[in-house]
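Have a look at this one.
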Amino acid sequence: MAHLLQQILFQSPPSLYLKAAGVSTLLGGFQAAYSEVKGANLTYSKFSSSKEVVEPGKRISSRNGMLICYAPSLIASSVWLLTAMTGAGAGPRLLLLGSAFSIHFLKRELEVLFLHRYSGDMPLQTALLISSSYFFQTVNVLYAQQLSEGTRPPAIDMMWIGLVLFCIGIGGNFYHHYLLSRLRKDGEGGYVIPHGGLFGLV
């Protein structure tokens, strides 16, 4: 298994910052999973208990909250991509990665504005927590790829397979978001069990 990973992955960049960020991400993931198991859901979730217990602090509409969640990552990845395109030495992997992040978060913002139907609100603190998590993950992945630009590429080139999977994934994600947007009529609230597409397999 280790030999296979060496064939398809870049060598880890010699960056103390990235090592610390990886440990921080791992610990944060464990903490979030533990909170979910204990029932302490993030209060934007449809399974949140926030309707019974209103958390203190400023609340904003769910639409504005989700715009805040994605905006910093969209700006960061777009600026990173434009900088890579206008600079010298950016390889195709870095350009593809920057494009993938930009497309992903632009799609998310457009869906928030024009596709999804929102009926509730969420704490501003929750929106900022999610936003900062997305932002740092986006920047860290782009930074790691930039550091890897000068290293020996993997023996097995998975870039084009990854591109195909990305296109399938983002297309399928949009389709299922479209299905979700049709579950409720304008003005209706509450959770509706999704159906259609691949939802029947979940």
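Don't overthink the numbers, they just go from 1 along the chain as shown.
In case you wondered, yes, glycine gets a Cβ from its N, Cα and C as well.
TrEMBL annotations: computationally assigned, not manually curated.
The structure displayed is predicted, hence computed values, not measured ones.
Below, the features straight out of TrEMBL:
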type	residues	note
DOMAIN	156-202	domain '3-oxo-5-alpha-steroid 4-dehydrogenase C-terminal'
TRANSMEM	67-84	transmembrane segment
TRANSMEM	158-175	transmembrane segment
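Provide an account of the burial state, proximal residues and distances for the features listed.
Confidence for the domain '3-oxo-5-alpha-steroid 4-dehydrogenase C-terminal' (156-202), expressed as mean pLDDT, is 90.
With a cut-off of 8 Å between Cβ atoms, the residues of this chain six or more beyond the transmembrane segment (67-84) that come close are 60, 90, 94-95, 98-99, 101-102, 105-106, 108-109, 112-113, 124, 127-128, 130-132, 134-135, 137-139, 142.
Taking Cβ pairs closer than 8 Å, the transmembrane segment (158-175) reaches residues 8, 92-93, 96, 100, 103-104, 107, 111, 197-198 in its own chain, all 6 or more past its ends.
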Quick one: DSSP breakdown of the domain '3-oxo-5-alpha-steroid 4-dehydrogenase C-terminal' (156-202) into helix, strand and coil?
26 helix, 0 strand, 21 coil
